[in-house]
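**Q** Dropping a structure here in structure tokens format, bear with me for questions.
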Amino acid sequence: MATITFEKAQRWYPGADSPAVPGIDLKIEDGEFMVLVGPSGCGKSTTLRMLAGLEEVNSGHIFIGDRDVTKVPPKDRDIAMVFQNYALYPHMSVADNMAFALKMAKVPADERRKRVDDAAKILGLTEYLERKPKALSGGQRQRVAMGRAIVRQPQVFCMDEPLSNLDAKMRVQTRTDIAKLQSDLGVTTVYVTHDQVEAMTMGDRVAVMKLGELQQVDTPLRLYDKPANLFVAGFIGSPQMNLMEGVADNGEVKLGNYHVPVDPTAAKKMQGNVTVGVRPEAWRIVGENDGGLPVTVTVVEELGADGFVYGTSGVEGTPHDIIIRVSARDSVQKGETLYVTTDPAKVHVFDTESGARLSE
Amino acid sequence: MWLKAINTILTVIVGIGVAVLLYWLLNKIAELLPSRLEDKIKPWLYILPAYLALVVYLIYPTIVAFIKSFQDATSTEWVGFANFEALLTNAGFQQTLFNTVLWMIIVPTVTIILGLGIAVLADRLQPRYENLSKTIVFMPMAISMVGAATVWRFVYAYRPAGSDQVGLQNAIITSLGGDPVPWLQQSQFHLNSLLLMVMLLWAQIGFGMVLLSGAIKGVPTDTLEAARIDGADERQTFFRVVVPQIKGTIVTVFITTLISAMKTFDVVYVMTSGQFNTNILGVEFYRQLTSNFNNGAASAIVVLLLIATFPVMLYQVKHFREEAAR
């Protein structure tokens, strides 16, 4: 078990115009499940591969515990990795795949067998131990890849999008399995994904990245409730937050001819162009004459438990696409006009140019 | 000279023309049939010329050789196993057989080892230099063995001590103060056979290297990374993760070079004609047929070669089937 510390760790691919990761500073606690999330090309995989030793660190340092591993080859870092395509050795049986690292570490044969058997039992792979990877389903292969990591009993698990090759149902199930396994074993884990739902459901903390830079590192709920900037606000949450560009005007935000009241902190700080953000579930439907924002319904998605209404606001100037979460039994029809409003406390205000959060 | 060139061109044109005509005719014949039958028969008609060629040029001669191996030198009387007996009890032929076995063991093994080595090392170069070095290694493939022999004569050439050495190896040795060595006559430890094998290897390694290099590049990178993280060093990664994954290609290269070693003729014939204990089956066959006019012995050698090739072919077919089933 160990903490992980990135100190201005930089990766600059030879021949590239700019670094993939200009210099990341991140401290991961002992036993923590840290998720790196962001769109493709944001440097999350590069960061993980630097930790694993598969990418050279051009400057800065990486520590596992107190040990500076910046220049240590991967085999001596005491880490295990689960790859996106699992990277199973096709010529070895499941048991040999899981035992390979132990064999390399010269663990005695009976100890090896015991650890493989234990891991297989945890993962439900006991009856497949003699099979070759090609005779397994995708989900089983994924579990073998997990098994190969856990028999090592390493200091750190690195996981690079381990669920992206599974079908939707399998992914949801495996998501929970991995999270549970990690909390049982208590091994510090760095998990890379582009899927914000995975990030939110699995991570103790989530690091949101964009263009090689950390945007915000926080617990899933704090990311959701207090996104630090426009990028995080738009990235976290599904369907995404309604973001509307307006102008600060006397402690309120003017969207066309509609005035949005905001919280006092934002009211004090904001000036010029600002963007207001409202989560789909933060809207309240009000009567026609209660001063709500008029929205013309274009699509209604009924999901059973709840529903999402997609519409355009008829605010003068730019019409905005608006998403509203409604209770499933509010029968909303396509083409009708809804009037929605929200509380100032639920309005996120961002500076349009810098993207910085202005609300509390 | 011009006449020859024109002749060649004419032959090619006539050959292709006849082939086109043949297929056109076969097609016409097929079209005369009712349409359901036509679809069924057409593939067979198209494949027929190939099968016929196979029978005429391969199966028929094999059968004839087999028959003649049980007949006397002029193929007039049946002699039973006498040809085989005479060959296998002859000390000279036993040496020939032994030499051939040496070729069969050494050439494929060295091709694999060097081919893999060059492929791995070239893989670490920048793409430009990788391609350059691979092209250089591959180039001898394009030279006919007889042409190559002309070059290699100058490597092994020998002049008596005191005269100017035109051979590369002897030039080096004499310039260092040694005595020139008649390389191709050095039959102790089969040195001269080994020197001849070097020529075949020189010509063939490029082929093995290209196939193996392709296979190595096909090994998924993440399995190599997984091995590195699992604690394997470079050597372990290569032997435990890369080699098992390219085993199919290694077998293919091994078998292909094995077969070409078995039927080697030109290298030995051009360089030593099988003298100085460098004789191999291919050359001995030719000698029996053209110098000794012994059809029986020549055919018996062919049959022996065929028997030796048979298990290899069987294995290859089985191996290809397994590969295809994957």
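The backbone N, Cα and C atoms fix where each Cβ goes, and this holds for glycine too.
Below are the features I grabbed from TrEMBL:
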DOMAIN    B:97-314  domain 'ABC transmembrane type-1'
TRANSMEM  B:6-26  transmembrane segment
TRANSMEM  B:46-67  transmembrane segment
TRANSMEM  B:101-123  transmembrane segment
TRANSMEM  B:135-155  transmembrane segment
TRANSMEM  B:194-216  transmembrane segment
TRANSMEM  B:237-262  transmembrane segment
TRANSMEM  B:297-317  transmembrane segment
**Q** Cβ under 8 Å to the transmembrane segment (B:194-216), counting only same-chain residues 6 or more beyond its ends: which ones?
**A** 102-103, 106-107, 110-112, 114-116, 118-120, 122-123, 134, 137-141, 143, 145, 148-149, 152, 156, 183-184, 186, 242, 245-246, 248-250, 252-253, 256-257, 260-261, 264, 267-268, 271-272, 278
**Q** Which one of these stretches, B:46-67, B:135-155, B:297-317, has the most C-beta pairs shorter than 8 Å to the transmembrane segment (B:237-262)?
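**A** Checked against B:46-67, B:135-155, B:297-317; highest Cβ contact count belongs to B:297-317.
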**Q** Any residues 6+ beyond the ends of the transmembrane segment (B:101-123) with a Cβ under 8 Å from its own?
**A** 130, 133-134, 137, 190, 193-194, 197, 200-201, 204-205, 208-209, 211-213, 216-217, 238, 250, 253-255, 257-258, 260-262, 264, 280
